[in-house]
């Protein structure tokens, strides 16, 4: 019987006297349909190396080990390490690491453990720390080709949103700058023990070889994005005028018009290319940024 079933999960929790730790956001996956979907999302092949963040008691790990060449599983909870070692003692393709993924150089770790310089990633992320982990993975430009991540449904909708919708925000722009994003499958709360209070979704992120837009200076680009969404009900002209750049309101008006962007629009209506236009204009003259 697979680990990703209610009966086997409860048996393992009882056998090893384990309880889900709320402070670590632990919810154990009990759906084979979902573990199979995660593997399909990243098209896992026998010669692939895959990193798993937060294996827990191995619900997804089991599926990964059966499909991938090598699995590097990074688990923060040291109490689960001997459990995972015991459960998967017959698998030679598992590298188990007791670390905080936010404090690890992932490329270096994978190369040390497997020799690989390119890899895939799968995770059932703790919802309280989804955004920090996701941005850590993207901003460090790790050599991840694609990812399948279990996240809260609302977060999935924000990440995959289109300009103009209420879900569209800074996280949307940031993720879509680095990746092509889509919701792969919806996941009901009943797919976990204990049952969370929210619905979930698996998102598939495929890394761009190059960002889809040219921002000039990336730091300026993300500063503009952050400022544009700081006060969602305010116009671009109002939010950017108060964002700490060395431009007067009149100069912002001229800059936006030169970018062919209506100053009365709100941040959530701008595409990645429009944010990049503003950033490029500012990048031409660093003195304007106040940096």
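Cβ coordinates are placed from backbone N, Cα and C, and glycine is handled just like the others.
Please treat TrEMBL annotations as automatic predictions, because they have not gone through curation.
Site annotation (TrEMBL, ligand S-adenosyl-L-methionine) includes 27, 29, 54, 100, 124; from 75, 79, 139, the additional listed residue is 75. Between the listed binding-site residues, namely 27, 124, the fewest other CB atoms within 10 angstroms of a CB are found at 27. For residue 29 (S-adenosyl-L-methionine binding site), other Cβ atoms within 10 Å of its Cβ number 25. Within 10 Å of the C-beta of residue 54 (S-adenosyl-L-methionine binding site) there are 23 other C-beta atoms, taking all protein chains into account.
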